[in-house]
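S.K.: Below are the features listed in TrEMBL for this protein:
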BINDING   ARG27, ARG28, GLN29, TYR30, LYS85, TYR142, ARG146, SER150, ARG211, LEU212, HIS213  substrate binding site
BINDING   80-85, 95-96, 101-102, GLN124, 159-160, TRP205, ARG215  FMN binding site
DOMAIN    54-175  domain 'Pyridoxamine 5'-phosphate oxidase N-terminal'
DOMAIN    192-235  domain 'Pyridoxine 5'-phosphate oxidase dimerisation C-terminal'
Amino acid sequence: MHASDAPLAPDHGPLAPLAQVDPADMRRQYRAAGLLEAELAADPIQQFTRWFVDAQHAALDEPNAMIVSTVDGSGRPSMRTVLLKGYDERGFVFYTNYDSRKGRDLADNPHIALLFPWHPIARQVIVTGTATRVGRDETAAYFRSRPHGSQLGAWASEQSRPVASREELERRYADLATRYPEGEGVPVPPFWGGFRVAPESVEFWQGRENRLHDRLRFDADPTAPTGWRVERLCP
Ligand SMILES: Cc1cc2nc3c(=O)[nH]c(=O)nc-3n(C[C@H](O)[C@H](O)[C@H](O)COP(=O)(O)O)c2cc1C
């Protein structure tokens, strides 16, 4: 069938050519310059900083967006995108609803994985570790830094629960906006706050030519002088 004879997809115009491309034929040659042990920072947080700065200089869209994977009490995994809101030697911080699916998963099982998918610069970083709630003062400080609308949104949304309709959600928001007009302090929802992920391993992946990618992984090791052991993994 000729492309111009392609059936129309409802509301989206003709099928995009991409729909006819076999994903198995999509290949990309990665860059030659790699990640060598000799140039690696002494600890994963410093190394993360270097790559996070590179990601910002490369003008990536939302370089702080990460895939967060959790596992529930019966061993079933789930994932979603969340924004990184801070990090230091204690770990990586994000904010969410504690009663959400991920919040409930973490209450049962604190093991977690984070993945930064920096595809345009052929890099990814994968963190594994355990998540603990950040202190209420830290959560309150971050909550107050958010726009008024986002503060109300946190109250309006019973994250991950079914809601009857879009109108219902907007009605809840409008009620809150009447109760807490702009300029008036919005209390921090007790069901909302941060998680800090203390890293147990951090893998830095750099795409290289011929699929001989670089993978250097830091594993927490209290017996190592830096507290971290580094291993190269086969790609
Ligand atoms: C780019 C992007 C950023 C997001 N950032 C957050 C975030 O910082 N916190 C959050 O709770 N949800 C965030 N979300 C929504 C989550 O992906 C998810 O829908 C929500 O947290 C509910 O997940 P759960 O039902 O698995 O708990 C973001 C989604 C996208 C696409």
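Cβ atoms here come from the backbone N, Cα and C positions, even for glycine.
Nobody curates TrEMBL annotations by hand; they come from automatic prediction.
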S.K.: For ARG146 (substrate binding site), just count the other CB atoms lying within 10 A of its CB, please.
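M.R.: Other Cβ atoms found within 10 Å: 15.
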S.K.: May I ask which of the binding-site residues ARG80, VAL82, ARG101, ARG146 have a CB within less than 6 Å of any atom of ligand 1, listed in sequence order?
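M.R.: Correct list: ARG80, VAL82, ARG101.
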S.K.: Check the DSSP secondary structure of ARG101 (FMN binding site), expressed as helix, strand or coil.
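M.R.: Looking at the DSSP assignment, ARG101 (FMN binding site) belongs to a helix.
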S.K.: Output the one of LYS85, ARG101, HIS213 that, of all these binding-site residues, has the highest number of other Cβ atoms within 10 Å of its Cβ.
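M.R.: In terms of Cβ crowding, the pick is HIS213.
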S.K.: For the binding-site residues ARG27, ARG80, ARG211, ARG215, which one has its C-beta crowded by the most other C-beta atoms within 10 angstroms?
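M.R.: Ranked by Cβ atoms within 10 Å, first place goes to ARG215.
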S.K.: Can you tell me whether DSSP puts LYS85 (substrate binding site) in helix, strand or coil?
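M.R.: Assignment for LYS85 (substrate binding site) reads coil.
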S.K.: Give the helix, strand or coil assignment DSSP yields for ARG211 (substrate binding site).
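M.R.: In the DSSP reduction, ARG211 (substrate binding site) maps to helix.
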S.K.: Going by Cα-Cα distance, which of the binding-site residues (ARG27, LYS85, ARG146, HIS213) sits nearest to GLN124 (FMN binding site)?
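M.R.: So, of the listed binding-site residues, the one sitting closest to GLN124 (FMN binding site) is HIS213.
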S.K.: Using C-alpha atoms only, work out the spacing between ARG80 (FMN binding site) and ARG146 (substrate binding site) and round it to an integer in Å.
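M.R.: A Cα-Cα distance of 21 Å.
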S.K.: Here are some binding-site residues: VAL82, LEU84. Which one has the most Cβ atoms within 10 Å of its Cβ?
M.R.: LEU84
S.K.: Return the count of C-beta atoms lying within 10 angstroms of the C-beta of GLN124 (FMN binding site), excluding that atom itself.
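M.R.: The answer is 19.
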S.K.: Under 8 Å Cβ to Cβ from SER160 (FMN binding site), same chain, six or more residues apart: give me those in sequence order, or none if nothing qualifies.
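M.R.: In sequence order, the residues whose Cβ lies under 8 Å from that of SER160 (FMN binding site) (at least 6 apart) are ASN97, ASP99, SER100, ARG101, LYS102.
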S.K.: Using ARG27 (substrate binding site) as the reference point, find which of the binding-site residues VAL82, LEU84, TYR95, ARG215 has the shortest Cα-to-Cα distance to it.
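M.R.: Going through VAL82, LEU84, TYR95, ARG215 one by one, the Cα closest to that of ARG27 (substrate binding site) is ARG215.
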